[in-house]
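Here's the structure, in structure tokens; my notes come after.
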């Protein structure tokens with residue numbers, strides 16, 4: 001089972017409802033929720049908000065530990081059969097398109113793998129720190145590529161770092177083209193959407209609530225804990241904006257504005273990514289009441305998985 005869509009659309013609540021109905025376990029497809037101590041800025045559900053449903057791929061790493069989409073794929077492809085063998089339905093819920101697609105299409109990663117969000121982050125790092133700093137960072141992880149790429153070749157420096165962060169492998173190690181295997185799993189592929197202005201209203205409200213709930217204190221704690229602001233995790237949306245505020249670059253009102261703006265831009269990119277996948281069955285979360293929405297989604301799961309899933313309302317039905 002797959003539940004995707006833009007940030008703030010309500011994926012987590014739908015995932016919990018599906019897990020309750022079909023005796024499922026949730027696998028987070030969010031690239032940032034893997035990090036411990038990064039809770040508010042990643043909109044991570046608290047334990048008491050998870051409805052008693054087992055959630056995986058949350059709080060498994062410290063913020064300074066590297067984690068690529070290839071790492072995610074390796075962990076989740078091991079996790080899925082374990083869940084199935086327990087008689088439960090694996091439910092992949094998330095908005096990080098490349099992470100999700102690496103599972104459902106069983107990507108074999110090579111240097112052609114790409115992630116526009118990561119590339120945008122590297123572009124910002126180049127603007128903030130300069131190309132020489134980025135080139136030195138490349139030399140630390142891939143000295144062969146660094147030797148081949150001129151210190152002023154912005155595009156190639158960023159691309160080499162992008163490949164390394166995505167795949168966990170050096171660009172210089174690749175000698176063949178990217179390939180995508182046939183889908184590995186039988187899917188019930190759900191995507192959530194809503195009116196764009198309503199989504200943006202929810203995004204803006206959530207950003208404000210994050211700050212009111214202690215996001216600034218969370219980021220302060222991470223910095224005091226020794227996590228550098230240049231870490232990939234600390235450059236994520238929700239953290240880089242607060243880091244700028246704490247470093248005196250702007251006031252808190254500006255930080256909130258940037259957080260809201262950057263999250264809206266991210267939602268646009270998520271829409272662009274998921275709209276390319278014609279397998280997804282879209283539901284407008286704001287166009288019907290909750291009961292009708294969930295019944296429609298439950299029907300898709302039952303029809304898509306057929307005899308492999310047993311719908312249950314009262315007696316804890318299982319994935320077969």
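First residue shown is number 1, and so on along the chain.
The backbone N, Cα and C atoms fix where each Cβ goes, and this holds for glycine too.
Looking at 30-33, 34-37, 38-41, 42-45, the range tied to region 'Interaction with substrate tRNA' in Swiss-Prot is 30-33.
Using the Cβ center of 5, 6, 7, 8, 9, 10, 11, 12 for ATP, the list of other same-chain residues with Cβ within 8 Å runs, in sequence order, 95, 192. Each of the binding-site residues 8, 9 was scored by the number of other CB atoms within 10 Å of its CB, and the largest score is that of 9.
There are 21 other Cβ atoms within 10 Å of the Cβ belonging to residue 12 (ATP binding site).
Highlighted in sequence order, 5, 6, 13, 95, 192 have their Cβ within 8 Å of the centre of the Cβ atoms of 7, 8, 9, 10, 11, 12, the residues recorded for substrate, and are not part of that set. Cα of residue 7 (ATP binding site) to Cα of residue 96 (site 'Interaction with substrate tRNA'): a distance of 9 Å.
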